[in-house]
Amino acid sequence: MEEVYASELRGREPETVDTLFLDNTQGGVIGGINEKLTKLELLSMVKCGLTTLKGMPVLPALNYLDLSDNELGDDASFDVLIKCAPEIKKITLSGNRLTLDNVRTLKMLPNLMELDLSNNSSLGLLDDYRVKMFEMIPSLKILDGCDVDGEEVEEEFAAGEGAEDSDEGDSDEDGPGLSYLNKSQFSDDETDDYVVPEAGDAETRGAKRAASADCDEPEAKKSAE
């Protein structure tokens, strides 16, 4: 994991890193990362063969930890998070070997709002599993992608992006269009540069209008038909 960590830094100072992916790193233990990651908000260690969280440094800004598809079970040591990640809000633990007793410590995380425990077979067999989890962790709002009523909840960042895109679309439709701007510009140009047409010019323009009307007449008839 140390080598992957050094590679993922890509020459950056640890103090500047806010997102770190150490996925698919075998070894079974946390290593390499240190307390210099003071601004780290997202840490992903998917499929790393982890059996414990021992060795995790203090990460004061961490709010999302993804530990999917590891080997976490009786020796998970989630109590480490109480000291190392006091601000954590979301933890993904799908695809591990967890039981209800293994995750009881998570109730000590005061800011934990979202938890994914899907694909943990022992938990899935429990009667009233969802009810027990929401009762056990008072701060919990979302479990396995659904709220306390069992309604599916979209990711916050996805909803925000959608709203932003929607606002941009509305501004294009509801704001002054090109035709309005062109008309306004044309009106200003006419006011500034208007010249009284001479008689010859008027006759010529009248002829052009008549010719134009003749050209448009078949289209008008087609529309009427």
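In case you wondered, yes, glycine gets a Cβ from its N, Cα and C as well.
Under the heading compositional bias 'Acidic residues', Swiss-Prot lists 155-175.
As annotated by Swiss-Prot, domain 'LRRCT' applies to 121-161. Long-range contacts of the domain 'LRRCT' (121-161) within the same chain: residues 97-100, 103-104, 106-107, 109-115, each at least 6 residues beyond the stretch ends and with a Cβ under 8 Å from a Cβ of the stretch.
The feature region 'Disordered' is assigned by Swiss-Prot to 155-225.
Using a Cβ-Cβ cut-off under 8 Å and counting only residues 6 or more beyond its ends in the same chain, the repeat 'LRR 1' (39-60) has close neighbours at 1, 15-31, 33, 66-73, 75-78, 80-81, 83-87. Positions annotated as repeat 'LRR 1' by Swiss-Prot: 39-60.
Within the model, the repeat 'LRR 2' (61-82) shows a mean pLDDT value of 97, rounded to a whole number. The annotation repeat 'LRR 2' is assigned in Swiss-Prot to 61-82.
Remote same-chain partners of the repeat 'LRR 3' (87-107), defined as residues 6 or more beyond its termini with a Cβ less than 8 Å from a stretch Cβ, comprise 60-74, 76, 78-79, 81, 113-123, 126, 132-133, 136-138. Swiss-Prot lists 87-107 with the feature repeat 'LRR 3'.
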Seminar exercise, completed: Residues outside the repeat 'LRR 2' (61-82) whose C-beta sits under 8 Å from one of its C-beta atoms, at least 6 past its ends, are 18, 28, 38-54, 88-99, 102-103, 105-106, 108-109, 111, 116
